[in-house]
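Student: I'd like to ask you about the structure that follows.
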Amino acid sequence: MSNPDDLRYTAQHEWLRIEGDEVTIGITDYAAEQLGDVVFVELPEIGARVERGAVVAEVESTKSVGEVYAPAAGEVVARHDDVVDAPESINGDAFEAWLFRLRVDDPASLEGSGLLDRDQYLAQLGG
């Protein structure tokens, strides 16, 4: 399992690439492995307003549905439609198959929000 060290992670197995006030969000390899074969992805519309903790996207596999949560309040500024067209790409490389990008209202709200660095995330997984 490859978990880049320039990302932040959530306890719900999402990864975040934080660049100023924009955050790119996807699911980790671990989440993709647990889901199994991904067959459907539902993404938010560009311009949608989201609140911290709200379900923003869904990743459906042959076994279950994984929900993806907003790490902060903000506006969806991009979505990765390639994963909608080819959901199985998440199983190939979950870190390349990002889901959506959020412009957060208050970037400082990400600090102290329980985000994990790579080592903390791996420790949570027991590795």
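Note: Cβ is positioned from N, Cα and C throughout, glycine not excepted.
Okay, these came from TrEMBL:
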type	residues	note
DOMAIN	22-103	domain 'Lipoyl-binding'
MOD_RES	Lys63	N6-lipoyllysine
Student: When a 10 Å sphere is centred on the Cβ of Lys63 (N6-lipoyllysine), how many other Cβ atoms does it contain?
Tutor: 12
Student: So, by DSSP, how many helix, strand and coil residues make up the domain 'Lipoyl-binding' (22-103)?
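Tutor: Secondary-structure breakdown of the domain 'Lipoyl-binding' (22-103): 16 helix, 35 strand, 31 coil.
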